[in-house]
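Enquirer: What Swiss-Prot records for this protein is below:
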BINDING   H173, H175, D186  Zn(2+) binding site
DOMAIN    102-224  domain 'MPN'
MOTIF     173-186  motif 'JAMM motif'
Amino acid sequence: MSISDWPEAERPREKLLKNGPAYLSDAELLAIFLRTGIAGKSAVDLARELLKRFRGLTGLFAADQGAFCQVPGMGPAKFAQLQAVLEMARRALEEELKSSDAMDSPGPVRAFLRLSLEGKEHEVFVSIFLDARNRVIATEELFQGTLTQTSVYPREVVKRALHHNAAAVIFAHNHPSGAAEPSHADAVLTQSLKQALLLVDVRVLDHFIVGRGATLSFAEQGLI
């Protein structure tokens, strides 16, 4: 049955307009994005299939074009639309960080990092460069690694910090395993970066580890 044949109160778009987006399930929100289903499946049915295949929204957002387009009814145009929505959300969060003290805004920082890193299949190391008032100057993905590790070079991090004339930096990387727990190597790397940047008067404010559904702060754990 097509969604247009459903009772008006049960249609995702009408429910959102009446009650707000928080009232809808993940499948209903995704169905509004999809707009239409395929033969024999409503947009909600198709949304549920996508969420099941990719193990939720996080997996769906991290899916590459090849995997996404293997789902019947999904093609390059829909993939591009999804990526555009994600990028707009990421940029909106980055705008918020640029206009406020990042250390006074832990919520937006975490949200930005989760949107940028959670669900990625390989480790990615990100640096957020800040000015003297802890406002974001730039965010850069500096290194990419394998499923279990990333090679990070302090010299390159220092060069990028000097390029941006940064006064401070926040680091982040993801754990594809899903566990937001620091390894011994993570702790050693953080201290190495801190010492290297200290030589050029750049402060390391925090290092976040992004796992599945969780983000750990080195500063909050007393590890910086």
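Cβ atoms here come from the backbone N, Cα and C positions, even for glycine.
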Enquirer: What are the sequence-distant neighbours of D186 (Zn(2+) binding site), meaning same chain, six or more residues apart, C-beta distance under 8 angstroms?
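Expert: In sequence order, H173, H207, I209 meet the Cβ cut-off.
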Enquirer: Name them in sequence order: residues not among H173, H175, D186 whose Cβ is within 8 Å of the mean position of the Cβ atoms defining the Zn(2+) site.
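Expert: The answer, listed by sequence position, is E123, T150, N174, P182, S183, I209, V210.
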Enquirer: 10 Å Cβ neighbour count around H175 (Zn(2+) binding site)?
Expert: 23
Enquirer: Under a three-state reduction of DSSP output, how is D186 (Zn(2+) binding site) classified: helix, strand, or coil?
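Expert: For D186 (Zn(2+) binding site) - judged by DSSP and reduced to three states - the answer is helix.
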Enquirer: What does DSSP say about H175 (Zn(2+) binding site): helix, strand or coil?
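Expert: In the DSSP reduction, H175 (Zn(2+) binding site) maps to coil.
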Enquirer: If you draw a 10 Å sphere around the Cβ of H173 (Zn(2+) binding site), how many other Cβ atoms fall inside it, taking every protein chain shown into account?
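Expert: Excluding its own Cβ, the number within 10 Å is 25.
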Enquirer: Could you count the residues of the domain 'MPN' (102-224) that DSSP puts in helix, in strand and in coil?
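Expert: Tallying H, G and I as helix, E and B as strand, the rest coil: 40 helix, 34 strand, 49 coil.
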